[in-house]
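> Before I ask anything, here is the structure I am working with.
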């Protein structure tokens with residue numbers, strides 16, 4: 001029994017030295033990573049940086065756009081229902097209330 005194990009190890013040892021990449025063929029480390037860094041560098045230069053540039057252009061063009069008029073207030077019965085007051089402030093304003101954009105149940109505060 002011991003001689004069979006010894007002979008098997010003698011046969012497998014040279015194979016392991018000759019083919020180191022085939023030792024664990026299903027592991028993720030078996031594949032070469034020489035192209036991985038080059039791929040991520042190319043993605044950074046050709047996808048990410050132009051994407052940031054397009055986003056900056058979009059913000060610039062939107063900032064130069066004229067202001068729109070506020071739509072007239074229509075008191076729809078299914079919107080802005082207050083069954084109990086909010087636990088902050090006067091209880092009628094939402095947490096991130098903007099008086100120029102968000103109307104109260106009675107209308108805009110500015111009008």
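One is the number of the first residue shown, and numbering goes on along the chain from there.
Just so you know, glycine gets a Cβ as well, placed from its N, Cα and C.
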> Give the range, chosen from 37-61, 62-86, that Swiss-Prot lists as transmembrane segment.
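Within the set 37-61, 62-86, Swiss-Prot attaches transmembrane segment to 37-61.
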> Give residue numbers and ranges for long-range contacts of the transmembrane segment (37-61): same chain, 6 or more residues beyond its ends, CB-CB under 8 A.
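Distant contacts of the transmembrane segment (37-61): none.
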